[in-house]
Amino acid sequence: MLLAIDVGNTNIVCGLFDGTVLRDSWRLTTDRGKTADEYSVFIRSLFQFSDVQLRDVESVVLASVVPPLTPIMRRLVDRMFHLQPLVISTALNTGITWEVESPSEMGADRIADCVGGYMKYGGPCIIIDLGTATTFNFVSGDGRYLGGSIAPGLLNSSESLFTKTAKLPRIELERPATSLGIDTITQMQVGVVWGEIYMVDGMIQRIRQDTSCPDARVILTGGLSGVVVPGLQAKCVHDPNLTLDGLRILFELNRGGTE
């Protein structure tokens, strides 16, 4: 089996693949203060809950956008599975040409998103990941990454209202049925959630315009994508496991390599 680990700023998502089938997945809260031993306690318990033996893991692929946690995850993989993970970067065989000024600055999660989106659905495609940040990526029909954008995520937007104002409360990220709230919480939800939805719709329209690809396929993923997808006007594919699938595909493209 292949264990895919995606270390994000808010969550660490782990996926266990049996061939191309995602057998199970788990989501942990990212904690920069935890040690490899502390993370291993959580992961061991998840394996037990899923009735999977550690020895069943034959390979590990790792994407991390939290540099302090990358060596910790390496140690965890070494101690738990006696393996060295394949660590994602644009230096690997990705099947995509990265036409940006500094490909090495591409986040590992965005690499996985682009590879997963392009390999699963073809191009041209717009891949949108709604997580800690909301990221937009465009891959052409012939597999060229032509750029993207980064915006504050839903959670960041709502938390900034709570932390930067004296009287506004923390809110649940829910999509109100109307654009006109009649209480403070609903008005905040309208502003944050519907604001995000219209930002995403607007960016899709602008990217299609700028790339002269009016029919570019739109793929949404990320932990908060389920909040946004039902409100979008643009037709899209909702693939919550796209990043994990991208990691699996990257491992297959680079099978046998570790770094």
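Just so you know, glycine gets a Cβ as well, placed from its N, Cα and C.
In TrEMBL, annotation is done automatically, which means it is predicted and not curated.
Taken verbatim from TrEMBL:
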- ASP109: active site, proton acceptor (ACT_SITE)
- ASP6, VAL7, GLY8, ASN9, THR10, ASN11, ILE12, VAL13, THR132: ATP binding site (BINDING)
- GLY107, ALA108, ASP109, ARG110, THR184: substrate binding site (BINDING)
- ASP129: K(+) binding site (BINDING)
Fill in the CA-CA distance, ASP6 (ATP binding site) to THR184 (substrate binding site), as an integer in Å.
36
Residues flanking the ATP site, with Cβ no more than 8 Å from the Cβ centroid of ASP6, VAL7, GLY8, ASN9, THR10, ASN11, ILE12, VAL13, THR132 and excluding those residues themselves
THR30, VAL65, VAL66, ASP109, GLY131, GLY223
So of GLY8, GLY107, which of the binding-site residues has the fewest other Cβ atoms within 10 Å around its own Cβ?
GLY107
Taking only the Cα atoms, work out how far ARG110 (substrate binding site) lies from the residue listed as 'K(+) binding site', in Å, as a whole number.
8
Please tell me which one of the binding-site residues listed here (GLY8, THR10, ILE12, ASP129, THR132) sits closest to ALA108 (substrate binding site), measuring Cα to Cα?
GLY8
Check the DSSP secondary structure of ASP129 (K(+) binding site), expressed as helix, strand or coil.
strand
Can you tell me the CA-to-CA distance separating GLY107 (substrate binding site) and the residue listed as 'K(+) binding site', as a whole number of Å?
12
If you measure between the CA atoms of GLY8 (ATP binding site) and THR184 (substrate binding site) and round to the nearest Å, you get 31
Widest Cα pair spacing in Å over the listed substrate contacts GLY107, ALA108, ASP109, ARG110, THR184 is 38
Using Cβ atoms only, which residues of the same chain lie under 8 Å from ILE12 (ATP binding site) while being at least 6 residues apart in sequence?
ILE5, ASP6, ARG27, LEU28, THR29, THR30, TYR39, LEU69
In the three-state DSSP scheme, ASP109 (active site, proton acceptor) belongs to helix
